[in-house]
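Note sheet for the following structure.
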Amino acid sequence: MEKIVLLFAIVSLVKSDQICIGYHANNSTEQVDTIMEKNVTVTHAQDILEKTHNGKLCDLDGVKPLILRDCSVAGWLLGNPMCDEFINVPEWSYIVEKANPANDLCYPGDFNDYEELKHLLSRINHFEKIQIIPKNSWSSHEASLGVSSACPYQGKSSFFRNVVWLIKKNNAYPTIKRSYNNTNQEDLLVLWGIHHPNDAAEQTRLYQNPTTYISVGTSTLNQRLVPKIATRSKVNGQNGRMEFFWTILKPNDAINFESNGNFIAPEYAYKIVKKGDSAIMKSELEYGNCNTKCQTPMGAINSSMPFHNIHPLTIGECPKYVKSNRLVLATGLRNSPQRERRRKKRGLFGAIAGFIEGGWQGMVDGWYGYHHSNEQGSGYAADKESTQKAIDGVTNKVNSIIDKMNTQFEAVGREFNNLERRIENLNKKMEDGFLDVWTYNAELLVLMENERTLDFHDSNVKNLYDKVRLQLRDNAKELGNGCFEFYHKCDNECMESVRNGTYDYPQYSEEARLKREEISGVKLESIGTYQILSIYSTVASSLALAIMVAG
């Protein structure tokens, strides 16, 4: 009889009404790193490192790029006959040049301050080509005989389309004095050149005068050129060389030319009608008939992520380049689902779950919440208010990081001439150093934010637990695993009052007091003495004691 009484008392305790505080868990295998830990499994995570591109050259915000194909910038501007498709070009978003374009300076030579000119082009979006000195205006000089087999067109000798190679006429080369006044409202890009013959015989054959010069002057330019006559190896079948120059002629300024030989005169100039962010990008890609906000030499990026690891050189509204291979931001909680335990026919609601033992996969409509068990049944209920606040907080954090990193900028490689190799090497080392620092900062930012996010979730669960504990006080017992065992009956209405913060402590305090006194000890008459048994709150302990007494 005593055994039956004791067993009945224990089972009654096991069936006491309970409420637990816990958090959401799922089948996610997403892992993040924090300052303190690596490979922490979380319920939700967001990759913030873009690793993909489309492998194409695209329009940038609806404006097509100027893809020079087999032409170089020099070949385009001077008018290499093989670059006729670029005689007139519309507005461009950026310029694409191959690493080694075939159609460059067809007549061998050099383009003075070429790298500086390219840098200038990275701030221009549109040229308008205008004629400044008509080719037919050179009545005292031959303007059509200045051609070369090095610049063929349709099987015949030709020359650059935008400049005129002036040759002697009737064995005379009168001194040239020409001026052009820029009456436009825009700046003007003006190009000209000088021919360096192979020997003195070629000099007099072309220009009659054995000693010649070219003078060029503007309000800011004072240049005097003389030909360098020397024996050279043949390039493109030519022993001679040409050297080209450029300047920006401001509105209302004039450019003055004077020469008695070797002069390559401008016929056309480029009116700079639109300035803006552009770039000259080295790429072998083809046009993909697509649109993007961010272009790299490897392809276009269409992403809202704040970082990418595709290529350090970009144009447009791009994520920041980092050298990292993985940047994952925690947005959810630590994911440690409880192990599913077999349910016995004993009226228990299953594994007691809490924020200490593990998360609940059964709670799918919130990050934090409750599990209750009473005579009416058991179930999960998310705490919508704390969940929504947490979602808003994490979302704002992610958006803030993205907004800070997604800024309009361009990072295109700078070009240096042969005399500036040490500067180029120093520049590369500095850029590599900046990338290393930025990569470190990005990785550290992610580690710190992940640590804060997981701590934030832990704190929210603890706050929810304290909210319940302060309401129940001594009307329930803390089981130490995120659960409370009521000392009174708590139906579904009572459970809801605990969840929404309206639990009426005085209403249940008397019933709870009597229950506490009832279970404070058990009288064991069979041995004629009384002992106080510690009643364990866990399911396993209760069942083990029941089996021992019954046996």
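Note: Cβ is positioned from N, Cα and C throughout, glycine not excepted.
Since the structure is predicted, the reported quantities are computational estimates derived from the model, not experimental observations.
Applying an 8 A CB threshold to same-chain residues 6+ apart, the list for CYS58 (disulfide bond) reads PRO65, TYR287, GLY288, CYS290, ASN291, THR292, GLN295, ALA300. The disulfide bond annotation in Swiss-Prot covers CYS58-CYS290 (among others), and the record cites sequence analysis as its basis.
When Cβ atoms from all protein chains are considered, those within 10 Å of CYS71 (disulfide bond) total 22, not counting its own. Look at Swiss-Prot and you will find CYS71-CYS83 (among others) tagged as disulfide bond, backed by sequence analysis.
Under the heading disulfide bond, Swiss-Prot lists CYS106-CYS151 (among others). CYS151 (disulfide bond) falls within a strand when secondary structure is assigned with DSSP.
Taken from Swiss-Prot, the feature disulfide bond covers CYS294-CYS318 (among others). Residues near CYS294 (disulfide bond) in space but far in sequence (CB under 8 A, at least 6 apart, same chain), listed by position: ALA300, ILE301, ASN302, SER303, THR314, ILE315, GLY316, GLU317, CYS318, PRO319.
In three-state terms derived from DSSP, CYS494 (disulfide bond) belongs to a helical segment. Packing around CYS494 (disulfide bond) is summarised by its Cβ count: 20 other Cβ atoms lie within 10 angstroms of its Cβ, all protein chains included. The disulfide bond annotation in Swiss-Prot covers CYS490-CYS494 (among others).
Swiss-Prot lists ASN26 (among others) with the feature N-linked glycosylation site. Annotation for ASN26 (N-linked glycosylation site): spatial neighbours THR43, ASN335, PRO337, GLN361, VAL364, criterion Cβ-Cβ under 8 Å with sequence separation of six or more.
Here ASN27 (N-linked glycosylation site) comes close to PRO337, GLN361: these same-chain residues lie at least six apart in sequence, with C-beta atoms under 8 angstroms from its C-beta. ASN27 (N-linked glycosylation site) carries neither a helix nor a strand DSSP state and counts as coil. Under the heading N-linked glycosylation site, Swiss-Prot lists ASN27 (among others), citing sequence analysis as support.
Taken from Swiss-Prot, the feature N-linked glycosylation site applies to ASN39 (among others), supported by sequence analysis. Within the same chain, residues at least 6 positions away in sequence whose Cβ sits under 8 Å from that of ASN39 (N-linked glycosylation site) are GLN31, VAL32, ASP33.
As annotated by Swiss-Prot, N-linked glycosylation site applies to ASN181 (among others), with the evidence given as sequence analysis. Counting Cβ atoms from all protein chains shown, ASN181 (N-linked glycosylation site) has 13 others lying within 10 Å of its own Cβ.
Annotation note: ASN302 (N-linked glycosylation site) sits in a coil segment as assigned by DSSP. Look at Swiss-Prot and you will find ASN302 (among others) tagged as N-linked glycosylation site.
A 10 Å cutoff on Cβ-Cβ distances gives ASN500 (N-linked glycosylation site) a total of 11 other Cβ atoms nearby, all chains included. Marked as N-linked glycosylation site by Swiss-Prot: ASN500 (among others).
For 1-16, the entry in Swiss-Prot reads signal peptide, with the evidence type sequence analysis.
According to Swiss-Prot, the feature topological domain 'Extracellular' maps to 17-530.
Here Swiss-Prot flags 531-551 as transmembrane segment, drawing on sequence analysis.
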Taking the Cα atoms as reference points, how far is CYS494 (disulfide bond) from CYS151 (disulfide bond) in Å?
94
Could you give the Cα-Cα distance between ASN500 (N-linked glycosylation site) and CYS490 (disulfide bond), in whole Å?
14
Using a 10 Å cut-off on CB atoms, tell me which of the disulfide-bonded residues CYS151, CYS290, CYS318, CYS490 is the least crowded.
CYS290
Quick check for the class: what is the C-alpha distance, in angstrom and rounded, between CYS71 (disulfide bond) and CYS106 (disulfide bond)?
10
Where CYS83 (disulfide bond) and CYS490 (disulfide bond) are concerned, what is their Cα separation in Å, rounded?
87
